[in-house]
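Visitor: I grabbed these lines from Swiss-Prot:
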type: BINDING; residues: 25, 69, 111, 124, 192, 193, 194, 195, 196, 197, 198, 199, 241; note: substrate binding site
type: BINDING; residues: 98, 101, 116, 119; note: Zn(2+) binding site
type: DOMAIN; residues: 125-248; note: domain 'Nudix hydrolase'
type: BINDING; residues: 158, 178, 219; note: divalent metal cation 1 binding site
type: MOTIF; residues: 159-180; note: motif 'Nudix box'
type: BINDING; residues: 174; note: divalent metal cation 2 binding site
type: BINDING; residues: 174, 178, 219; note: divalent metal cation 3 binding site
């Protein structure tokens with residue numbers, strides 16, 4: 001439920017507009033609303049963090065707007081809450097009017113949804129399921145540089161789940177399309193909400209089965225097998241890609257030790 005702030009409310013403040021996040025001094029604001037001159041604005045509680053309320057305010061600030069990526073190395077829980085806030089703010093901004101009848105909508109008081117009083121249509125935030133997989137071949141891991149990545153970062157393969165696919169089918173298809181190889185021993189590891197803009201990353205590990213590596217130039221700048229102790233520039237800590245790589249490195253090292 002939304003409320004107008006008096007200035008006495010306290011907690012963490014997620015102020016977001018158009019996928020941007022207010023980060024004065026490079027940090028998420030914390031404390032009383034009055035300390036950040038937020039009194040008089042409309043806010044909605046979207047969770048709790050370390051025993052304090054987390055508030056969402058949907059508006060643009062004159063300065064200090066940044067990316068939720070800046071919170072990646074702060075704390076996973078806080079990053080996820082901030083990501084939720086950014087996604088909700090964008091959802092409500094883009095769902096002011098009903099896509100069926102064109103009438104103005106309002107936010108539900110009981111769930112994350114926008115409601116139309118005219119035709120009774122109900123809209124929920126969009127979530128795009130993605131698969132991401134680390135592939136091992138002996139003491140090597142398959143890493144690639146994606147065309148959309150900057151700074152020379154090499155990472156594992158990933159892609160969106162298509163309509164009618166299982167997660168397992170999506171992994172096998174993406175790997176074959178991007179690298180021309182087949183995999184085996186696919187196993188689920190973990191998941192991570194990824195608000196860029198609204199993905200849910202489902203992480204897997206797999207072993208190489210067959211095929212000659214040949215990367216898809218439309219998706220990848222390059223791809224190669226890297227020995228576990230000779231890795232290129234990797235994704236930052238806090239990302240599910242980095243965890244997959246680190247977990248696979250452990251298996252590569254064990255394989256190398258057994259081979260000696």
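Cβ atoms are placed via backbone N, Cα and C, with glycine included.
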Visitor: At 10 angstroms around each C-beta, which of the binding-site residues 116, 158 has the fewest other C-beta atoms nearby?
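Guide: Comparing Cβ neighbours within 10 Å for the binding-site residues 116, 158, 116 has the fewest.
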Visitor: Can you tell which of 111, 174, 178 has the least company, meaning the fewest other C-beta atoms within 10 angstroms of its C-beta, among these binding-site residues?
Guide: 111
Visitor: What are the DSSP helix, strand and coil residue counts for the motif 'Nudix box' (159-180)?
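Guide: Counts, helix then strand then coil: 13 helix, 2 strand, 7 coil.
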Visitor: At a 10 Å cut-off from the C-beta of residue 25 (substrate binding site), count the other C-beta atoms across all protein chains.
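Guide: Result for residue 25 (substrate binding site): 7 other Cβ atoms within 10 Å.
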Visitor: Where does residue 241 (substrate binding site) sit in DSSP terms: helix, strand, or coil?
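Guide: The three-state answer is helix.
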Visitor: If I take the Cα of residue 101 (Zn(2+) binding site) as reference, which of the binding-site residues 174, 178, 196, 219, 241 has the closest Cα?
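Guide: Comparing Cα positions, the candidate nearest residue 101 (Zn(2+) binding site) turns out to be 196.
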Visitor: With Cβ-Cβ distance below 8 Å and at least 6 positions apart along the chain, what are the contacts of residue 119 (Zn(2+) binding site)? List them in sequence order.
Guide: 98, 100, 101, 103
Visitor: List, in sequence order, the residues of the same chain other than 98, 101, 116, 119 whose Cβ lies within 8 Å of the centroid of the Cβ atoms of the recorded Zn(2+) site.
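Guide: Counting only non-site residues, the set is 99, 100, 102, 103, 105, 117, 118, 120, 121.
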Visitor: Taking the Cβ of residue 98 (Zn(2+) binding site) as the centre, how many other Cβ atoms fall within a 10 Å radius?
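Guide: Other Cβ atoms within 10 Å of residue 98 (Zn(2+) binding site): 20.
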Visitor: Identify which of the binding-site residues 194, 196 has its Cβ surrounded by the largest number of other Cβ atoms within 10 Å, counting every protein chain shown.
Guide: 194
Visitor: Need this for a regression test: binding-site residues 116, 158, 174, 178, 219, filtered to those with Cα within 10 Å of residue 196 (substrate binding site). What's left?
Guide: none
